[in-house]
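Asks: Feature list, courtesy of TrEMBL:
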- B:8-17: compositional bias 'Pro residues' (COMPBIAS)
- B:1-36: region 'Disordered' (REGION)
- B:52-73: transmembrane segment (TRANSMEM)
- B:85-111: transmembrane segment (TRANSMEM)
- B:123-146: transmembrane segment (TRANSMEM)
- B:153-172: transmembrane segment (TRANSMEM)
- B:199-217: transmembrane segment (TRANSMEM)
- B:248-267: transmembrane segment (TRANSMEM)
- B:304-323: transmembrane segment (TRANSMEM)
- B:329-349: transmembrane segment (TRANSMEM)
Amino acid sequence: VSGCSKSETTSNAGGDSSQGAQAAKTPEASSGAGCSLETYGAPKLDLKNAVVGFSQSEKEANPFRIAETQSIKDEAKKIGVKKLLTTNAQSQLSKQISDIQDMLSQGAQFLIIAPLNSDGLEPALKAAAAKKVPVLTIDRKVNSTACKDYVAFLGSDFVEQGKRAADAMIKATGGKGKVAILLGASGNNVTTDRTKGFVDQIKAEAPGIEIVAQQTGEFARDKGQQVMEQLIQSKPEITAVYAENDEMGLGAVTALKAAGKKPGKDVKIVSVDGTRNAVQALVNGEYNAVIESNPRFGPLAFATAQKFYGGEEIPENVIITDRAYDETNAEASLGGAY
Amino acid sequence: MNETTPAPAAPAAPAPAVPRTDTPGGKGPRPAAASEPGTRARVAELLQRQGVLAVLLTVVIAASFIYPTFASLDNARGITIQASFLAVVALGMTMVIITGGIDLSVGSVFALGGVLAAWASQYGFLAALLVPLVACGAIGLLNGLLIARGNMAPFIVTLATLLGARGLLLAITDEGATTYLVPKDSAFGELGQGSVWGFGYPILVALVLFGAGGLVLQRTSFGQTLFAVGGSSDAATLMGLPVARTKILVYTLSGLLAGLAGALNAARLSSGVTIVGVGMELDAISAVVIGGTLLIGGAGSISGTLWGVLLLAVIQNLINQIGSLNSSYQSVVSGGFLIVVVVAQRYLARSRRST
Amino acid sequence: MAPPEAVPQAPEAAASTASPVLEARSVSKRFPGVVALDDVSFSLRAGETHALVGENGAGKSTLIKVLTGVYRPDGGDLRMAGRPVRFARPFEAQQAGISTIYQEVNLVPLMSVARNIFLGREPRNRFGLIDFARMHRETTELLDGFGVRVDPRRPLHTLGIGTQQMVALARAVSVNAQVVIMDEPTSSLEPREVETLFRVIENLRGQGIAVLYVSHRMDELYRICDRVTVLRDGRHIHTGDLADLDRMQLVSMMLGRDMAEVRRSGVTSFAAEGHEAARTPVLTATGLSSRHHLHDVSLSLYAGEVLGLGGLLGSGRSETAKALSGALHLDAGELTVDGTALNRLTPAAAIRAGISLLPEDRKAEGIVPGLSVRENIVLAAMPRLSRAGVVSRAKQDRIVDIFMKRLRIKASSPEQKVGELSGGNQQKVLLARWLCLEPKVLLLDEPTRGIDVGAKAEVQSLIDDLAREGLAVLLISSDIEELIEGADRIVVLRGGAVAGELAGDDVAEDRLLEVLADHAPAPEDKSPAAQEDPR
Amino acid sequence: MTQAAVSPPVEPAQPAEPGKPARSTGPLARLRDPAWYQEYGVYVAVAVVLLFNALFTDHFMTADNFRTQLVQVAPIVIVALGMALVIGTEGVDLSVGSTMALAAAFLPLYLGYGLVPALVVSLLAGAVVGAVNGTLVSLIGLQPIVATLALFVGGRGLALVMADGQLKQIVNPDLLSLGTGSFLGVPLVVWIAGVLAVAVAFLVQRTTFGRQIVAVGGNRSAAALAGLPVKRVLIGVYVLCGVLAALAGVLATARLTASDPSSLGTLMELSAITAVVVGGTPLNGGSIRVLGTVAGALLMQLLRATLVKHDLPDSTAQIAQAAIIIAAVYVARERRSR
Ligand SMILES: Nc1ncnc2c1ncn2[C@@H]1O[C@H](COP(=O)(O)OP(=O)(O)OP(=O)(O)O)[C@@H](O)[C@H]1O
Ligand SMILES: Nc1ncnc2c1ncn2[C@@H]1O[C@H](COP(=O)(O)OP(=O)(O)OP(=O)(O)O)[C@@H](O)[C@H]1O
Ligand SMILES: O[C@@H]1[C@H](O)[C@H](O)CO[C@H]1O
Ligand SMILES: [Mg+2]
Ligand SMILES: [Mg+2]
């Protein structure tokens, strides 16, 4: 019953520093029976001689995606995988489905998928299952049946990230103030989860904090900046900003600075991701906290795959531990940011 | 399926408005060429009419040699099922563009259709189809009314409904937080997931719709009126054709088809995913234009659109076959591919003018 | 072509007994800045052919558009057979039995001839689908009746303007109608086609169908019309039997000028004596060839002369003119102006060399409808009227003012959009565009098409003057009289090749017709020889 | 020849008669005239939105807020000016957003040589994109929407390739001051957009090139027969549009203080086209309304600002935007005289 996923600190991803590596939290006891090669019904495979496919969801155009893809590629090389197929769905769900199908018809024997969305990948997962190709999903979780449609999920808990951001916010503001939320892209479940975690936690823990605005910044820096510029004018009473990713948070910093306010002091800023730029802002004192969302899935993913083929049982959810950065550890952790 | 457009000699680019240098507003070829039949001429004729088909075949044949995994039944199934949804949307778009209009709202309407279908699927098969069709048809109707009766530019009207439909979708999904699921093993789910010889039902639906669309376009008064409206809206009015009614109908049809495609997609994904359909309008428009339909209206063909859709799907598949490109290079390659394809098609079309 | 209610009466009887089939009572129509129709009443009787005349911009086309539901009148009402009617759209007028050929050919250029003729009433097979075989067959039959032989599958825009006009006629007449309205149907037709048209009208009259006929050609009116209505400046001036008026009276009514003034002008306004041409040609074309269009056409133009270009429909006159102005791709041939050969032949190069072409198709190749009269006039001359790329309004205004006066262009102001002008005034604007370039060679393709008697006379004497001032003029005209009287010399084309040249005393109608008829198979000639397209 | 140019009758051009004024011209009568709305509808709409905000939005009628709105709208205006020219030729340019990204990507690569070389290179990149578009449209004869679609897709890819997918922080003080500096209390970017608007208006109204653009858009065959250099005009227009888009990319980058080719300018093509069309320029060419375009951009900007300031959720905001676009265009629609 027990997991197999404790000691995942074997290596680091981008080669940055050992600080950046992912670590799996102990899976919750409730995660139930793990998934074995036998129960899943896949043929035995030596990864070294295998064709592995990786389906990336969004363009490698933000630090998270760049680090994620790079880490998979590096680890595949390190292990000596025969051939790694990579595709990028360019944020289109239909493309991700066909990407996966394309890789299957190109002979992929094991798949790592970074899903664009929790729902909707069913046809692709079915196609893989029909060919008895095991699938590991990373980063975002899919709403399908583990050990049937896919082997297991590795990644963060986005609701939890929102919750931790709320805690950091409470700490930074002393539990009082008016907060604006810069939402991620509409309709995206990362947005939904990070909002839910944050809002619920604030409600439960900090009655003194009022959420006065929730506007989308579409996960992009310039949109975040533009929304912030509007809010500075219309809601000058805002004392804190929660940005659902670092890019929007950094956009808010620029907007605040241009308006003659001191980000990190006049207006507290907390965001999620842990990119180098955000941690640097923390070092500069223009930021208050960053909740990490660690993209370096390569080592953990391949290690999990090897365990799976080694006959071990893999728990349904391998939740990784995300770190948190604040003034106290920013400088020291800068090397581990991506 | 139809092959002829009303303007077999019309060049694939803005013909009447954009003459080649040689003859500004010049007259086309005389019919003399027709009196010398021969295989060569006939092949040329076919190529001219179906420049896209020629390009598509060339690409497919070349790809089959280069990538052994390309020419598999499996791959064909994958490409066609993926293309089928865009195809249904592009079918409506073709008709709209033939009237000289454009429908930018299809991507949002597609997504809305899917969400509504997934939501309604809990009430049974019929509801799952009817609800999205009614709602999406209504959006199309609104487009048509504003364009035909309100005399507003199609581009801007449908741009507004692109926003509006997306907003509606967010409103009914709690800002995208709720994803409605299609009940497992429902008849509606089967519509999206079932297949014949591995070819999914949506492919068959698309084919049937294209057959019907071809007939409507080429062999009915409505179809002729579409060409007339696009060829010269004023002339069509003066000839006593029901121009406004035709426009209203064609946008309604486009809305219906986008909604249907969305519903089929939801059935396939077994959920009403909110993030689909973004930018789909551009894919549909490219497929239509690559298929030889003139954006200024008045000439075009349904079959061309089908080849256009397939060509786009094949290009995407090929980029995956290349395998190791990162996402940025993928964009560069598909942009480059697009240029090559349209220029090639353009030159094929031009060679017909000089014969 | 059978009318719904055939009234096989003699025209006079029909005209006197029947109540008006179509009637307009005190209709008015205003456009921004213009009153196009001012309290105009008008009635059309069954079986009559009724002429509607007036200067350019008098309101003829507007009246027709009001009668057929294109425009909603600002005041007044319409009646059919005594009952009030309102047409919200042309469709409704057609349903009511009014069939119209509008002034600008209004068909769909990209669609085939057959589709154009049958649009909206396509023959169906038993599955309810369009029966193309039948449609093509019927088209061929129908057009045969009009003496036009053309592949029904051919896209309309590949036909010459004249043929397009015949197609429009065929469409209009093949609908069962009680009223057929024709707005300048003959302006782009050949004499022979005009005859065909008259036979058709005769036929309609015999069937008791009322015809409303607009034309600027007086002789036509007198040949076929029973009654006439004169409009001037949007007002109704006169209605009565045509036989009661002589030409002079009619013209003076149209122009609102007195008879003496009108009498001075003859049939055409060309001076009787010819011009003094220079010895050396300004423009020499040798061996112009363009696949399917021209075959080894050579001609020379001398300063100070008017060279006529004769030929039947599709003989290549327009193509020749285009070739001379760099607007037609040539496979072979050479063009020299004042002894220097033009090597890269484009419209711009031709214009720089002093060659200007007034194109035949005003709508497609002439006007820029959304731009003002002023801008349309200066379009080609713009570089000359600007300094360092900045246009000089003062210079423009001067030119525009001169030409609006000289050609008597009727517009509410130089800033009015050309698209809103009457057909004849659009033509004058185009003439102004080319004249203000001060060209050496002026190629005029149907310059007087659609312009009224007064303006036509002006244009003709203008051509005369221009030649006298030393300009070389090439004149293409379907109006044989105009060609004969205007030209010093005539080159006759046939099948895209030069078939002969008339000079001196040979420039006469009978000689021209001789050369034209010589070995040209008449289009309506259905002998096997004629079926062979010589090209 | 000729007497034409010589004879000097100096009477004023007489509006050749029977032009009885058919319109009454009181200030109130004007409000009932549809043609008036067609001409001035967009300005009325701007006024209405301003009035609404003056009444119902806190902190709206302040200099700071107007400055924010103008700064945000400046890049859109600049792109829309180029777009208006292209639309005037009956074309459209979908690649403007990608061109902005491309210009942004070039900046950090050449800033080492100083602001001016970097600027030149960026603008040149825009010119090259425009030249490619113009060539495809005029020489090859492609339909503008497909011709520019290729660079819409490929241009951003190219930008990302050059930037290695990375967002790069801008530190060059000259460039930054371009984004944040002001002159006489008005931000530099606003000056630039304003001057360009005047310049483009002058170009359209008073230069041969401008009038040729309109003629080519109004009737291409006629323009060609009148000896206008149709191809040169078309290429020129697309090059101008490309350069303006590149400039907008540079200014947006300066304001963002970072070069972000992945998200800079996304959906800009739609914003620009909307501004042009809402401003009263018909999409089928032959007429260009420069001032209307500026007003159109401003209208959309104020609209977005209003929605953000009232903290409407994305769903409502999008529906409201749709409704208002339709209303504005409906009022200003062309009414057929019948
Ligand atoms: N759509 C329009 N908008 C504005 N003015 C118009 C419009 N149509 C016609 N006019 C004006 O109405 C007047 C009458 O024009 P109309 O076309 O009826 O003349 P016409 O008698 O047919 O002349 P022609 O013999 O030249 O064809 C003209 O002054 C013309 O400029
Ligand atoms: N017998 C015919 N019936 C119908 N169309 C014809 C016929 N002969 C030629 N045509 C078409 O008419 C067009 C007119 O040709 P072109 O312009 O060279 O002739 P044109 O002598 O100027 O005649 P037009 O009076 O039409 O100006 C040609 O392109 C040809 O396709
Ligand atoms: O966690 C990642 C990052 O936050 C990124 O910014 C958006 O996608 C999410 O999956
Ligand atoms: Mg008229
Ligand atoms: Mg001709």
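Backbone N, Cα and C define each Cβ position, glycine as well.
All TrEMBL annotations are machine predictions without curation.
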Asks: How about long-range neighbours of the transmembrane segment (B:123-146): same chain, 6 or more residues beyond its ends, C-beta under 8 Å?
Replies: 103, 105, 109, 112-114, 116-117, 152, 154, 157-158, 161, 164-165, 182, 186-188, 191, 247-256, 258-260, 262-263, 267
Asks: So, does the transmembrane segment (B:85-111) come close enough to the transmembrane segment (B:199-217) to give 3+ Cβ pairs below 8 Å, pairs being at least 6 apart in sequence?
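Replies: Answer yes, regions in contact.
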Asks: With pairs closer than 6 in sequence left out, are the transmembrane segment (B:329-349) and the transmembrane segment (B:85-111) joined by 3 or more CB pairs under 8 Å?
Replies: no
Asks: Out of B:52-73, B:153-172, B:248-267, B:304-323, which stretch touches the transmembrane segment (B:329-349) the most, going by CB pairs under 8 Å?
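Replies: By the under-8 Å Cβ criterion, the transmembrane segment (B:329-349) pairs most with B:304-323.
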Asks: List, by number or range, the same-chain residues at least 6 past the transmembrane segment (B:248-267) whose CB is under 8 A from its CB atoms?
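Replies: Residues 84-86, 88-89, 91-93, 95-96, 99, 101, 103, 105-107, 109-118, 121, 128-129, 132-133, 135-141, 143-145, 147-149, 154, 158, 182, 188-193, 201-202, 205, 209, 222, 226, 273, 276-277 contact the transmembrane segment (B:248-267) from elsewhere in the chain.
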Asks: Determine which residues of the chain contact the transmembrane segment (B:304-323) at the Cβ level, with the cut-off under 8 Å and only residues 6 or more beyond its ends counted.
Replies: 1, 50, 52-53, 55-56, 59-60, 63, 66-67, 69-70, 75, 78-80, 82-83, 86-87, 90-91, 93-94, 210, 283, 286-293, 330, 333-334, 337-338, 341
